[in-house]
Amino acid sequence: MSLVVTGLSIASILLLVALGLAIIYGVTGVINLAHGELVMIGAYCAWALQSFFGIGLLASLPLIFLATALLGWIIDRVVIRHLYNRPLDTILATWGIGVMAQQAVRLLAGGELRYVEMPEAMNHPVSVLGVEIPIFRIFILGLAVALFGLTWFLIFRTSLGLKLRAITQSREIASCFGINSNRIYGLTFAYGAGLAGLAGAVVSPLKSVAPEMGTTYVVDAFMVVVLGGVESLVGSVASAFIIGQSSSAVAFYANDTIAKALVLLFIVILIRFRPQGLFAAKVRS
Amino acid sequence: MRNRDLIQYLTYGTVCLIIFLVPVFVQDAFLLNKTARYLVLGILAISLSLSWGYTGILNLGQATSFGLGSYCMAMALKLRTIPVHTGAEGLPDFMVWNNVEKLPWFWEPFYSMPFAIAAGVAVPALIAAGLGWFMFRGRVTGVYVAIITLAFLVVVNLLFIDQQRFTGGFNGITDLAQLDIGSFTFDAYGASSYYLIAICLTFCLFFALLVTKSKAGLILQAIRDHENRVRYFGYDVARYKIFAVAVSAAIAGMAGMLYTIVMEFASPTFMGVQLSLSVVIWCAVGGRQSLLGSMLGAILVAGMQGALSESETFLDTWTLVMGLVFVLVVLFLPKGLAGAAETLKDRIFRKFGRSSKAMAKSPGEATPRPAASRPT
């Protein structure tokens, strides 16, 4: 039982980190290697707001979302915009941006580890089905589900989402109908970056905050997106669940490192046989 | 031989000659060792240029091959220090610390230096060929190749760190003997190691150049430009791609071995994500579609990084600057510095070529041929 709960906890964090990446990748085709750094910046925002302005973690979440979204929008307008037709080069450019972000944070906030305090109300465990779990873990799970729901609503129930889906299918034809694809791309990137910032903020009390923390997240998040299928939101949820559960199960029998290696190998094999991912959206072509 | 080829061979030869002349002017052992290190990274960049620039396979796990080669050499050199550290019958020191009773079977053959050298080239090549077979037979392309190779790198890296008993874990394999062949010892801080590396560099550079000029090399470039067209002509695209990654991995493995010789240790960071992505940067800055450009890019960027990170003023800002330069290169010089040099050269030649040819030939033939304007 505790295995399943641990797996669920890993999965919810993975989903939070991967959701923004999945949206950016699915809509614009940009491989955003700076995603991990956006997560890291979100975590640092949480730390800065807490230690300089005394704003608690929960209250600072909307601010962090806006700040990282704005940053994402700027990155898109200045750099990524020019590379929409060169997907492989986006890997390189975003990695360069990631390097800059890492070093900039190191200069501004110092290289040492930072700690963010857990919200007072969530600092005690509750018993769920016979397992003691911290409320904060449940909160993360809830937030992941809520953000997934919000994203789903934005994409499938708003006019903005309709335009977005049109662009994903065919950018040229969507443009012919007067949809400003440039603007939508920018907004998508900003939204994805905002989600990354949120993810960083909520994981900050669980792990120490450091300039290098992003690198580990980005590889994991990629695996979630690729496993799930690029254009499928539901796929991201399912694959985050699968990866979370299998990591915690293998870690129980071997150790964390072996678990991670095996899960990665499994994903490599999966990409080979299903490059479209487990839950590819059916698109008429 | 065409004129263009001749100029290319001469340029490559001149650069190698300059590299050979360095020890004449640089006497400082520390500086020589550092230069040798950059040259090794240059070899690594050549290997990536072969697979990325010439074949279009963005291998984000090039450091896997580098690291494997490095560990092969380190194992052989470690075994030679056993009598010094733990007695003639003993085990390498880190195995003793980890309570290993008996030398593992896969360490045994590394008592033989020729075997170790062969393994340092063959193991990375075979593993790359296996991974290539796995990917390219299934027609995995583009971004997915990048993700698979990156994931594979992380897996290998995690395993090497986890299996501390056999690989030294986080610390890697340290405290190595110096390489000796026959009765000659290669001193890591002496000119001997430098020349060894310079010879290997020249060999790799010209070997890679000959590969790109061979028929297989031309097909590889055709695959880069339009894979399906090559397939429709009846070529086995997968086989050529496997060949490209295997050759590339062999060269990277060789670079790894040389790196262990000059650094005098092997570390899991040699197969880390950071180094692997750095290679991509070097190639992109130097010009991935030029072997020489990639190599010089590596020497230039790594050298500047080394120099600036040692000076007080740039210690903190250097990485920031490097990231910025890299983004600018990707945006404005997709073919890197070599591409920019090529364009510049063409412009100058066109200017002079037009005036001289116009007098010699009829105006119709005077139009300059579109050199170096390969489609990308």
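Glycine is treated like the rest: Cβ placed from N, Cα and C.
Remember, predicted model here, so these are calculated numbers, not experimental data.
Here TrEMBL flags B:355-376 as region 'Disordered'.
Through the fold, the transmembrane segment (B:6-26) approaches residues 32, 35, 39, 191, 194-195, 198, 201-202, 205-206, 209, 291-292, 296 of its own chain, all at least 6 residues removed from its boundaries and within a Cβ separation under 8 Å. What TrEMBL lists as transmembrane segment is B:6-26 (among others).
Here TrEMBL flags B:38-57 (among others) as transmembrane segment.
Residues of the same chain lying 6 or more positions beyond the ends of the transmembrane segment (B:115-136) and with a Cβ under 8 Å from any Cβ of it are 64-66, 68-70, 72-73, 75-76, 109, 144-145, 148-149, 152, 237-238, 241-242, 244-250, 252-254, 256-257. Taken from TrEMBL, the feature transmembrane segment covers B:115-136 (among others).
TrEMBL lists B:143-161 (among others) with the feature transmembrane segment.
Per TrEMBL, transmembrane segment is recorded for B:193-211 (among others).
Taken from TrEMBL, the feature transmembrane segment covers B:240-259 (among others). Same-chain neighbours of the transmembrane segment (B:240-259): 37, 40-41, 43-44, 46-48, 50-51, 54-55, 57, 59, 62-73, 117, 120-129, 131-133, 136, 196-197, 200, 204, 207-208, 211, 216, 219-220, 223, 270, counting only residues six or more beyond its ends whose CB sits under 8 Å from a CB of the stretch.
Annotated transmembrane segment per TrEMBL: B:265-284 (among others), in sequence order.
Annotation comment: TrEMBL describes B:291-308 (among others) as transmembrane segment.
The transmembrane segment annotation in TrEMBL covers B:320-341 (among others). Residues of the same chain lying 6 or more positions beyond the ends of the transmembrane segment (B:320-341) and with a Cβ under 8 Å from any Cβ of it are 281, 283-290, 292-294, 296-297, 301, 305, 314, 376.
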The transmembrane segment (B:143-161) touching the transmembrane segment (B:291-308) per 3+ Cβ pairs under 8 Å rule: no
Leading stretch by Cβ pairs under 8 Å, where the reference is the transmembrane segment (B:143-161) and the options are B:38-57, B:193-211, B:265-284: B:265-284
